[in-house]
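Asker: Before anything else, here's the structure in question.
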Amino acid sequence: MAAKDVKFGNDARVKMLRGVNVLADAVKVTLGPKGRNVVLDKSFGAPVITKDGVSVAREIELEDKFENMGAQMVKEVASKANDAAGDGTTTATVLAQSIVNEGLKAVAAGMNPMDLKRGIDKAVIAAVEELKKLSVPCSDSKAIAQVGTISANADETVGTLIAEAMAKVGKEGVITVEEGSGLQDELDVVEGMQFDRGYLSPYFVNKPETGAVELESPFILLADKKISNIREMLPVLEAVAKAGKPLLIIAEDVEGEALATLVVNTMRGIVKIAAVKAPGFGDRRKAMLQDIAILTAGTVISEEIGLELEKATLEDMGQAKRVVITKDTTTIIDGEGDKALIDSRVTQINQQRDEATSDYDREKLQERVAKLAGGVAVIKVGAATEVEMKEKKARVEDALHATRAAVEEGVVAGGGVALIRVANRIAELRGDNEDQNVGIKVARRAMEAPLRQIVANAGEEPSVIANKVKAGEGNTGYNAATEEYGNMIDMGILDPTKVTRSALQYAASIAGLMITTECMVTDLPKEDKPDLGGAGGMGGMGGMGGMM
């Protein structure tokens, strides 16, 4: 086991504080509408330019191991805020830096660190309650667009795109961000249910110009089995032919003579048919077939529940207004399913999602909800260069997380104003002793830090503007983009309550641990042993050959 280097008391805290400040100073320059960029060198490829706090934090490793421990703890604040709300990483870092700096000053002045921490925790619990009272619901498209714009560093096109996507696929819908191919941002929306399975035979194609199969008002046969024998399908085919409608077959597989017969029937124009494999595998396939059945008001023909294909009737078929099948995807548009049944299925899947333990399962369940509840939107980010594309994509993803958080818990006034109002509201809060009161003051002072940093990044004097904002009422604050005072909510400067709350809670949690640190332990640096470079000189002995 390697020897350890141990530091105690003030020596340890000074080193740790230096690490905290290096990381926080690098991150906080990105805060606010006039935040600056940070350039990150990569070991391969072009440098990355970013205004995303957590991306900057993740890059920082310090040479001094004690300082690095401080930096890594603040990095944890940014990561936790990012995981919880997807945004607010820079705010969380600024809050943590302020609490640690003020807290360690109090410790150096002889305060009890444990009481300080208790005071900070008390203040944060009270502040979170006040934040919830200030919060207003975020439901209309305009507010959603404003939240997206603020989070994407005042990029209005991004905010509008996200609001448009949410309007089209609903709050439960899946919105993904991809790299586009042009210079403009684009929004693609797939309405209805789409899954990644294409037609089983190109002979089903009836729109050669697009290479797709389009079926208008088809019957949909759902079978949880392989179909290889045409005999068991004949009753269904005859009934469908009589009804004069097309038929879509979704089964585990359709092969052999069954597939050949379906192709022949289609080519002769006897009945319009298309067959696709059911999406997913194993239990997930069964669940997705059931989803499609509920969406189209059909029944899954499964031998597990005693239903046989030969005895299937038109009553068991699902129906939809339109189905489009390409070689890779199938889209069912406007299923005939009962709205109440679809809603109860969505509730059931949401319940499973909340209980799921793995991220993969959660993601798949969320996709199923989206497919049932509204659809899937893809935002394609456009940019002129690779570097700009990466930077913009990260911003759009942040903005998307922020708007989701806003829809979930509502919004408060942005620009650091909500925290200042909250700090004023808890001015009368008292702890059990004087040291706890100092802890409460430390937390209240920290709540001003985000506004001060936004103002500093805009090139103004933080104290002057902070005092003016403190003297104001309600949502009155300072708009750093236009350099004027006004109602933040009317100006469209909003922060999701969840983002502000998470930033404050995680910052206080980790800063509290740092204030109560009394000892730090790390490995001693290994001494480099001198290499045996001198031994190479022995090669000269080759000259002895001349002595022979």
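Note that Cβ sites are derived from N, Cα and C of the backbone, with glycine treated the same way.
What you see is a predicted model, and the numbers here were worked out from it, not measured in a lab.
Per Swiss-Prot, the feature ATP binding site maps to 30-33, K51, 87-91, G415, 479-481, D495.
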Asker: Could you check what DSSP calls T90 (ATP binding site) once collapsed to helix, strand or coil?
Answerer: helix
Asker: Under a criterion of Cβ-Cβ distance under 8 Å and sequence separation of at least 6, what residues of the same chain contact G88 (ATP binding site)?
Answerer: A81, N82, A402, D495, P496, V499, T500, S502, A503
Asker: Please list residues from the chain of T30 (ATP binding site) whose Cβ is under 8 angstroms from its Cβ, counting only those at least six apart in sequence.
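Answerer: Non-local contacts for T30 (ATP binding site): R36, N37, V38, T50, K51, D52, G53, V56, T90.
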Asker: Among all the protein chains here, how many other CB atoms are within 10 A of the CB of G415 (ATP binding site)?
Answerer: 26
Asker: Does DSSP give T30 (ATP binding site) helix, strand or coil?
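Answerer: Looking at the DSSP assignment, T30 (ATP binding site) belongs to neither helix nor strand, so coil.
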